[in-house]
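Chemist: The structure follows.
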Amino acid sequence: MSSIKHLKQYIRQLSDEADNSRLPSFWFTDWLLAVIDKPSLFLITDEEYQLTESELAQFYAGIEKLQAGIPLAYLTGQQAFWSLSFTVNEHTLIPRPDTEVLVEQVLQWIQSQPINDEHPTPKRLLDLGTGSGCIAISLAHELKHHLRYAHWHTVALDVSPEALEVAKYNALINEVGEIDFIQSSWYESLPTDMMFDVIVSNPPYIDEEDAHLAHLRAEPMSALSAPNHGLADIEHITQLAPKYLRAGGLLALEHGFDQGEAVRQILSSHGFGAIQTVQDYGGNDRVTLGHLA
Ligand code: GLN
């Protein structure tokens, strides 16, 4: 086999491999681009590019990992979410596009609130189980850089110190270094007098018996799956939310496609009103919101 190969040959080989494996075909080309550190246009403009021996070795090693079930985002260490780029590793869930619906809904609610322009009341937002920080950072980024709402402050918690390191780094590279990160199992280590206007979370919600979990084995199980048909953490977060939410405050939760009814029930039994479920881009129930009456 020739040791020097052209990009063109790779692309042909990659399409064959994509046909033969059950991996998304763009993973192969994206991995190739990550190895040679070039933007996607390079595939069109520089077809004659020759991969070096070390690029070749790195490329093949990565393909083996993808085939063994490691997601592309853990290989590249990057995942786009909202309009931002997030560093991810095996300590963090990989941000999903569906979670952007949660960010969108929270932003809409914040923008619908009246503001006293002269003296805006300081407001606080809490993200529970922040992981890579994608929700807290996207929200803080919008509030600061687009809406210029300097009166909002974001706090993000995670039980995993490793995830918090990743989230802090992501906050810095996305220019929202002022977010407060606290290591805590849900509300446990939060000062009891710290009150919030918004509590948001994408908690683990997949049923422990769900066969889908087998396909997600590279990601931290503690971020994916919960007891009680996946509802245990949603229930815990909702039950304690009234202690930390100001009157009229918003609770916004991501959940499974078949959990809308159950989550609305949980919110309603813990004092929330104006409860509403919103669907994701695939038309599945994904986010439920309620106001503390
Ligand atoms: N939505 C993710 C999935 O089904 C799970 C995220 C979560 O459990 N919070 O792959």
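Along the chain as shown, the residues are counted starting at 1.
Note that Cβ sites are derived from N, Cα and C of the backbone, with glycine treated the same way.
Automatic prediction, not curation, is the source of TrEMBL annotations.
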Chemist: According to TrEMBL, Gly129, Thr130, Gly131, Ser132, Gly133, Trp186, Asn202 bind S-adenosyl-L-methionine; so which of Asp117, Asp158, Asp193, Asp210 is the extra one listed there?
Modeler: Asp158
Chemist: For Tyr205 (substrate binding site), which residues of its chain lie six or more apart in sequence with Cβ-Cβ distance below 8 Å?
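Modeler: The answer is Ser225, Ala226, Gly230, Leu231, Asp233, Ile234, Glu254, His255, Gly256, Gln259.
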Chemist: Determine, to the nearest whole angstrom, how far the Cα atom of Asp158 (S-adenosyl-L-methionine binding site) is from the Cα atom of Pro204 (substrate binding site).
Modeler: 12
Chemist: Enumerate in sequence order the binding-site residues Thr130, Gly131, Ser132, Gly133, Asn202, Tyr205 whose Cβ-atom distance to ligand 1 is under 6 angstroms.
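Modeler: Correct list: Asn202, Tyr205.
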Chemist: What is the maximum Cα to Cα distance, in Å and rounded to a whole number, among the residues Gly129, Thr130, Gly131, Ser132, Gly133, Asp158, Trp186, Asn202 annotated as binding S-adenosyl-L-methionine?
Modeler: 16
